[in-house]
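Step one of this worksheet: look at the structure below.
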């Protein structure tokens, strides 16, 4: 029987009703007691590493989670992490970059309804997660509503529905049906590379969502705040407005100051292509970093991680253009 380490971080799944709404209160053992059938799937050891609402999750918490998961992988066959849904895709993406070359599964799950409430999805999600953690697959995954999603390709698209997460621009890994997994796409293992914990990151990254009428002076504030990386979430296939309220001079100024500027799209699916329109080509010529088909969560965490490896903008650009874990398709 496989040995799985259960790490809990809080979230809806571990919450109960308090004076000001739902708040994480339950420990790992509390959750396991509610699902005795897990004993038939694997041997479980549990550890609480934090107990917070995932909206309060910070980049330094990703480091704590990554360190605990990496240590656990030395002695266990897989890891299950209980996590709040709101920032789960950020954590799964961050862990993808921090846990390089791992040869076992790290599975993140949670729920839309607390485990102690009627109609909860927590029990099924946890059972599915432990079943997945016993599989001979490697990498970071989100398991939710019966679907297995590569961690760096997941996004939360619904606030209340059980099918909260989708796989963006990438096939689902599989589905969990009862105690069986039906694979849709089984990602290849990383061969010849020892597992590595690399938690160096920079939190100095800002995400700016463009709207019609964005004032170029907003970039002055970002420069003054000394951000090292700025991600522009633009329209459609990607581009920077250059007529009225021309943003290009400010983008160029940031790049000349050594700030790494990347661009993505507000559309969840199909990614950016800066070669199609003039607004995209002009941005590309300024040296902006294209996101291609990365999720916003993967782009944010990858840029943070890249800036933790080097502050040389040309080297950061190389890292962003490298595909580490199928987080990006570069055409």
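Glycine residues also receive a Cβ, built from the backbone N, Cα and C atoms like all the rest.
Automatic, uncurated: that is what TrEMBL annotation is.
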Which of 54, 93, 155 does TrEMBL put in the same substrate site as 85, 86?
54
For residue 54 (substrate binding site), what residues in its own chain, 6 or more apart in sequence, show a Cβ-Cβ distance under 8 Å?
9, 10, 11, 83, 84, 85, 86, 87, 88, 91, 110
Measure from the Cβ of residue 85 (substrate binding site) and count the other Cβ atoms within 10 Å, all protein chains considered.
24
Highest Cβ count within 10 Å among the recorded positions 12, 86: which residue is it?
12
I need the neighbours of the substrate site defined by 54, 85, 86. Which other residues of that chain put their C-beta within 8 angstroms of the C-beta centroid, in sequence order?
11, 12, 53, 55, 57, 83, 84, 87, 88, 110, 156
